[in-house]
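What Swiss-Prot annotates here:
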ACT_SITE  Ser674  active site
ACT_SITE  Lys717  active site
BINDING   Gly349, Pro350, Pro351, Gly352, Ile353, Gly354, Lys355, Thr356  ATP binding site
DOMAIN    4-198  domain 'Lon N-terminal'
DOMAIN    586-768  domain 'Lon proteolytic'
Amino acid sequence: MLKAPFLPIRDLVIFPNVVTPIYVGRANSIATLEKAIANKTKLVLGLQKDASQENPTFDGDIYEVGVIANIVQIIRMPNNNIKVLVEAEDRVKIKNIEKEENEYVTTYTVIKETLKDSKETEAIYRKVFTRFEKYVSMIGKFSSELILNLKKIEDYSNGLDIMASNLNISSEKKQEILEISNVRDRGYRILDEIVAEMEIASLEKTIDDKVKNKMNEAQRAYYLKEKISVMKEELGDFSQDDDVIEIVDRLKNTELPKEVREKLEAEVKKLTKMQPFSAESSVIRNYIEAVLELPWNSETNDVLDLKKASQILERDHYGLKDAKEKVLDYLAVKKLNPSMNGVILCLSGPPGIGKTSLVKSIAESMGRKFVRVSLGGVRDEAEIRGHRRTYVGSMPGKIMKAMKEAGTNNPVMLLDEIDKMSNDFKGDPASAMLEVLDPEQNKNFEDHYIDMPFDLSKVFFVATANDLRNVSAPLRDRMDILQLSSYTEFEKLHIAQKFLLKQAQKENGLANIDIKIPDKVMFKLIDEYTREAGVRNLKREIITICRKLAREVVEKDTKKFNLKPTDLEKYLGKAKFRPEKSRKATGKIGVVNGLAWTAVGGVTLDVQGVDTPGKGEVTLTGTLGNVMKESASVAMTYVKANLKKYPPKDKDFFKDRTIHLHFPEGATPKDGPSAGITITTAIVSVLTNKKVRQDIAMTGEITITGDVLAIGGVREKVIGAHRAGIKEVILPEDNRVDTDEIPDELKSTMKIHFAKTYDDVSKLVFVK
């Protein structure tokens, strides 16, 4: 004997392997169901003989054969009733029903079926299926999927039960079919019922046709309305489920533009006519919720206190003067002109210099919400604009998601790594960003999913990039670009002592511990353990030191630390870089120090040249771009045109020899015209056998007439030279105005020369 909760059912017979909805409203039945749900147990379901009996006594009031069923889903109705989807497993014989407190419990045995797979059973099943198919066609109330699913069923018992459950016959007749355990006999009984129902259906159709022909349009409309009303009443009125009621309340209480409200009201109207379990209902519900969650009219008030804003920016960041000035300028204009639209900035510079954290400080200084949109690796336009609702699993794009997250229509929005977007067959996300960042268009930005204009003109957009060359020209044109440069060692020292060390102490529970890292120790840490444009690795190393110190605090109860240079190896291991020493003026033939500007800051660009047997050509290696190759051709032409100034060591040099120029780190692509004078110097050195000073570096574009033209990234390149231990640099005369950007501490330790022509360069670079 088995035991399970028992639920009496009225006017409904449930067959095995059929998912059936039932409505539970009686107090004892609800208590029984709640216990089964809580204990995750199965239910025994049995039909009441008298449906009008509110409280059955179980003394002959319940049929002896029922089913054991699993609970598939529950829906709590507004009237406190519960709608339950159950799936029956087997026929059971109900033995004894008892009432324990407020719940029904029964003992039962599972009924075994007979003649399940005999030839006669197969024959009667085919006959029943053929008749049932005609019955379905005649009635016209069943979906085509019912017949398709029956064709796939190989278990005759299951198929017969499904057909019986769909017959329009009384509960008593269905109960009689349920009680037949002999599958063959059950088939005969169902066949009899189908034949009888087809005869009745045929007569009803004849009568309906006669009646409908006599009905006028008004009567017909009344008939349909009454029929729909009765159906809704029987089904529990789907339009009033909790989710729909909540959505309607939110729509009433949310301030929305007129056109948005009208569209949502139309969508809600559709939703109320749908069953809550339909796929389309879920799509519409998700859409309405997505639109309601957008900040259509929610706006934060700007804090237009320039003094306070300046204090916040200075508190969190050292340097970055231009970016801070730009924000304060904007706040001043906003104070004078409150109707001013948002700003679109782009902070470009090496990684780790504080671009992202600066944007957070901008948001705080303005009193606005901060939200971040990561664009690195985005290749699909739909990630920006969203997917149209016709697609399965569609959703809003990153911009609308960010606006939802912000909760206001004027946040500070960080568009992180805008240079890392790429395109493929799905579209170009950079083109989609044009509408987002165009002040003339973003007032009516239309996400494909939302499908209504949304005003982005109040958003303060700040994009970040490492290399603007990877950003399309139209996109660059829409942004106010601020070029942020690398930090010098002195700036890194200040940042480390004022910000990074304190932050690392706080993060590692050392805020109350006295930790001192003297400047000379910090310089050693910067020079020998980190080589970067920013301070990201420096922060990481300081955190590592703090973790080691935290361990000493726990193990030895140390309260004070004063680090020495030798302690760095103890906490961080061997130095990762050799300390740069001032390069000597001794020269090498064909080896020249150039300067380059990369996405991670300024670096030295070495050029190595030798002559080999050949026919006066220049061979270039080192993964060079077309512009750099052309610079080499220009340099060679200039040298050949000025052989009187730079006489070759061999008069037949260009007949018998070839110059090979190599740029080390061959796996790294190199391009640009700024290595022109560097290449020229290498060619002249090899040609004349003159040694080139190794304590000097240079940058500048060369022309075939020997003029030295201006280049970009002066500050970065000078910092890179200083980092490499070089004390003298040669810059184009036209870049003299750019030296104001070079930190004063570098100017005081380095000698900067300016050249109008290559003659000025040649006077400085060769060992005399």
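Cβ coordinates come from backbone N, Cα and C, glycine included.
Ile353 (ATP binding site) sits 25 Å from Ser674 (active site), taking the CA atoms of both as reference points.
The Cβ of Lys355 (ATP binding site) has Leu347, Gly349, Thr464, Leu484 as same-chain neighbours under 8 Å, each 6 or more residues away in sequence. A Cβ within 8 Å of the Cβ centre of Gly349, Pro350, Pro351, Gly352, Ile353, Gly354, Lys355, Thr356, the residues given for ATP, is found for these other residues of the same chain: Leu347, Thr464, Asn466, Leu484, Ala533, Gly534, Arg536. A simple way to gauge crowding: the CB of Thr356 (ATP binding site) has 16 other CB atoms within 10 angstroms, across all the protein chains here. Just so you know, of the binding-site residues Pro351, Gly352, the Cβ with the fewest other Cβ atoms around it within 10 Å is the one at Pro351.
Annotated pair Gly354 (ATP binding site) and Ser674 (active site), C-alpha to C-alpha distance, rounded: 28 Å. DSSP assigns Pro351 (ATP binding site) to coil in the three-state reduction, placing it in neither a helix nor a strand. Under DSSP, Thr356 (ATP binding site) is assigned to a helix (H, G or I) in the three-state scheme. Summary: among the recorded positions (Gly349, Pro350, Ile353, Ser674, Lys717), the fewest other C-beta atoms within 10 A of the C-beta are counted at Pro350.
The distance from the Cα of Pro350 (ATP binding site) to the Cα of Ser674 (active site) comes to 19 Å.
Gly352 (ATP binding site) sits 25 Å from Ser674 (active site), taking the C-alpha atoms as the reference points.
DSSP classifies Ser674 (active site) as coil under the three-state reduction. According to DSSP, Lys717 (active site) sits within a helical segment.
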